[in-house]
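K.L.:
Sharing a structure below in C-alpha cells format, with a few things to ask.
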Amino acid sequence: MSVSTLKRSGSTGKKTLLLTNSSTVMKVGMATERVTGESSSVPRDFKALCVSKKLARSVSQKFKKKNKTVDNGEEDGNHRRLSSSGCLCLYGKGGGCKVGADTTEEFLDGNDNRRKSSAGEECMAYRAISVSGIEEARVDCFAYGMAGRLWRRSRKGKEIEPAQTSCLSPCLLPDDVLEMCLARLPFTSLMNARRVCQKWKALTTSAHFMEMRARGGYQSPCLFVFGAVKAGFCSGQIHAFDVSSDKWHRIRADMLQGRFSFSVASVGDEIYVVGGCSSLRNFGRLDKSSSKTHKSVMVFSPITGSCRKVASMKSARSLPIIGVFEVSSGCSISQSRQDGQDVHLSRSRRGVSDVYEDPHRFSLRRQLREPNNESEFPVESFRKSFKLVKHEVDHSDRKNCMRFILIAVGGQGLWDEPLDTGEIYDPVSNKWLEIARLPGDFGVVSSGIVCKGRFYAYSETNKLAAYDIEQGQWVLIQTSHFPPRLHEYHPKLVSCNDRLLMLCVSWCERDGQFNRREKAVRKLWELDLTHRAWAEVSRHPDAPMDWNAAFVADKGKVYGMEMFKVFGQVLDFLTVCDISKPSEIKWSWISRKHLAHELDASSCLTKSMVVLHL
Amino acid sequence: MSESTEKKMVRLRSSDGEVFEVEESVAKVAKTLQDMLEEDCADAVIPITCVRAPILTKVIDYCKDQVMISSSSSTTNNPNERTEQERKAWGQKFMEGVDSSTLCELLVASNFLNIEGLLNLGVDKMVSMIQGKYPQEIRDMFNVVNDFTPEEEEEIRNQNAWAFERDPYYKKRSSSK
C-alpha cells in the first residue's frame with residue numbers, strides 16, 4: 001500500500017485503504033493528508049464512501065472476516081465499486097446535510113461561511129475527517145450512513161429539499177432537530193423565532209412544518225376578542241389571548257374600524273367577520289341612531305395579520321347568527337344541494353308540506369344547467385358530475401378533503417327589523433346563496449351553531465330548528481322540555497365533539513336551608529340528539545353578570561368570556577370547561593389577566609369571541 | 001476478550017480523544033450503538049467523532065439512568081419505578097444549568113446516537129429557552145447571525161405585528177438606523 005496507489009486512482013485506493021488493519025492505518029492516514037492538497041478528486045471519492053451505509057457495513061464485515069487480507073479478490077473489488085456508485089447518488093440526494101452539520105468544530109464555527117459553495121464545504125469536511133485519523137474516518141463512514149438512514153426514515157415520504165442540504169445550520173443543529181424544537185413553540189413565540197434568520201423562517205413557513213405542528217398537537221388555543229370600544233370609538237382593534245403564554249396581544253385591523261354589531265366565526269385558521277353596522281353621522285362612534293347596516297364580509301387571518309374582503313351577503317345584517325359547515329370538498333354547494341333536492345322533491349310528493357321548501361330550487365337548477373352542458377335528464381347528469389368531482393378528489397391530497405361553508409341566518413336588517421332569512425357562502429366560488437326562510441312561527445333567532453352537519457338555531461321563544469344543508473330545508477325540532485331560562489340573558493348554543501350544548505341563565509333552585517336568597521345561575525345544558533331531551537351538564541360557578549356573555553367551543557373545551565362593569569370598572573373573565581371527560585366537568589379561570597380595564601362599558605355589548613388553534 | 005461472568009464492556013472515544021468504558025447495556029440505550037453492536041461491527045474502541053468528552057459524559061449519565069430504570073422496573077414490580085411526574089422532575093434536573101451551546105451539542109449527540117428520550121428532553125429544554133424571547137435575544141443566545149435585510153425584517157414584522165408588539169430590541173435597531 002503506498003501513496004502512489006492513492007494518487008493514481010482515487011476510488012480503488014480508497015477501498016483498499018478502508019480494508020487496511022489498524023497497524024497500517026496511521027501511515028495511510030498521513031498519506032491521505034498529504035494527498036488532499038494535491039488531488040481534489042480523492043476527497044470527493046472519499047466523501048462518497050463516507051456516506052454509504054451499505055458500503056461501510058460491507059467493509060466492516062469484510063474487515064471482521066478476512067482480518068488482514070488486504071489483497072483480496074477482484075470479485076470483491078467489483079462488488080464494492082458498485083456500491084460506491086450507489087452511495088454517490090445517495091450523497092447527491094442530500095445525505096450531505098448530515099455531513100455538514102455533524103463534523104468537527106473547525107467546520108461548525110464557520111457560521112459566516114454559510115454562503116460558501118458546497119464544494120468548499122465538502123473539502124473542509126473532508127479535511128476535518130482525515131486529520132482525525134483514518135480509523136475514525138472508517139467508523140465515521142458507518143455513522144454517517146446511519147445518520148443518513150435515520151434522516152431518511154424520519155422524513156419518510158417527504159422529499160428532502162436540496163436547497164437546504166448545503167446550508168449550515170445556524171445554531172449547529174441538524175434541520176430535523178431544529179424543526180422539532182420550533183414546532184413545539186407556542187404560536188406567538190414561533191412568530192418571534194421566525195424573525196431570527198432566513199433559515200428559521202424558511203423552516204417554519206413550510207407547509208410540512210405547519211402540518212407537523214398540527215399533528216403533534218403542539219398548537220395551542222388563541223382566543224380572539226372582537227368589537228372592543230375605546231373612548232367611544234370602535235377602533236377595530238382585536239384582542240388576542242394566547243392561552244399557552246398567558247398573554248394578551250393587541251392586533252390592529254383597520255378594516256374593522258368603526259364597525260360594530262358584526263358576528264365572527266373561525267373557519268380553518270381564519271376568522272370571518274360578517275355584517276355589522278357603522279355610524280353614518282360620526283364615523284367610528286358607537287352610534288346606533290344613524291347607522292348603516294353592512295352586507296360586507298371580511299376575513300381576518302391571524303397568521304399573516306391581514307384582512308381581506310370577500311363577496312358580500314345578499315342582504316345587510318347586523319348581528320347575524322352564523323355557523324360553519326364542514327363538507328367534503330367533492331361537493332360544491334349547488335351540487336350537493338342538487339343531490340339533496342331530489343330526495344326532497346320525492347318526499348314532498350309523498351305529502352310533506354312544502355312550507356319550508358327552498359324557494360330558489362328552480363332558479364338554482366337553471367344556474368346549474370349551464371356549466372353541465374344542457375341535458376334532457378338533468379338529474380342524471382348532475383349525479384354524474386357529482387360523482388366525477390368526488391372521484392377527482394380521491395386522487396388529490398387527502399388532507400385538504402374538507403372544506404367549509406358559512407351560513408348566516410337572521411340578525412337585523414337595514415331598518416333594524418329582525419330577519420328570518422338566511423344565506424350560505426361557499427368560499428371556493430366566493431358566492432352567497434339564499435336559503436329557505438326560517439319556519440314561520442319560529443320567532444327571532446338568538447343563537448345558532450353547526451353540529452353534526454346541521455345548523456341548529458334557537459329562538460327567543462324557545463324554539464329549536466335545524467337546517468340541513470344537503471336537504472336545503474329547515475326542520476323544527478320538538479324537544480321534551482326546554483331548559484328554564486331568564487329572558488334577559490341570551491342563550492348561547494355551542495357545539496363540540498358532535499355534542500349540542502347550550503348555555504343559559506336561570507334562577508337557582510332553592511336548595512333547602514342554605515340558599516334562601518334567590519339568585520341566578522348559568523348552566524350548561526346538552527341536547528340528546530336522538531332522544532331530544534335537554535340535560536344539565538354543569539353549572540358555571542360565577543354569578544352571571546353579563547347577559548351577552550360570549551361562549552365558544554373548540555376541541556372538547558368550552559371557552560367563555562364575561563365582560564361587565566362593576567364599581568365603575570369594566571372587568572372581563574375568561575373561563576374554560578373541559579367537557580370531554582364526563583367525570584370532571586368543571587369550569588376554571590383561564591387567566592387572571594384582564595383586558596377590559598382600558599375599554600368602555602359598551603364593549604360588553606359589542607364584544608364577540610372566537611377561538612383558533614395556532 | 002473475557003466474556004461469560006463479567007459484563008461485556010464497550011469503550012467509547014469522544015472527539016477529543018477521551019475513552020469511556022461503559023457496560024454494553026448502557027451503550028445500547030443509544031440505538032446507533034445498539035445497531036453497531038448487534039451487527040458486530042464495532043471495534044474495540046468506538047470513536048464518536050462529533051461528541052466531545054463533557055457531552056459524552058452527560059449522555060452516558062443519561063443512558064446509565066435509563067438502564068437503572070428499566071432494570072428496576074423489570075425485576076421488581078413497582079417500588080423503584082418512577083411516576084410520570086418524577087420522570088419529568090428528573091428530566092428537568094438533568095437539564096438544569098445546561099447552557100445553550102452545551103444544549104446544542106447534546107441535541108446533536110442524541111440525534112446522532114439516536115437516543116429518543118434524551119432528544120426529547122433536549123428539545124423541551126430548547127423550547128423553554130426560546131419561548132417568550134425576542135428575536136435578538138434568541139440570536140444572542142445561539143450565536144445566530146441576522147441575515148435579513150432591514151426591508152425583509154420590516155416586512156415580516158408587519159405580517160405578524162401582533163405577535164411582536166413591544167419588542168425593545170427591534171426599536172433599538174430601527175432607531176439606530
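Cβ coordinates come from backbone N, Cα and C, glycine included.
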K.L.:
Please identify the range among A:63-82, A:323-342 that TrEMBL labels region 'Disordered'.
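P.N.:
In TrEMBL, residues A:63-82 carry the label region 'Disordered'.
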K.L.:
Just to be sure I understand, if DSSP states are collapsed into helix, strand and coil, how many residues of the domain 'F-box' (A:167-212) fall in each?
P.N.:
31 helix, 0 strand, 15 coil
K.L.:
So what's the average pLDDT for the domain 'F-box' (A:167-212)?
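P.N.:
PLDDT averaged over the stretch: 80.
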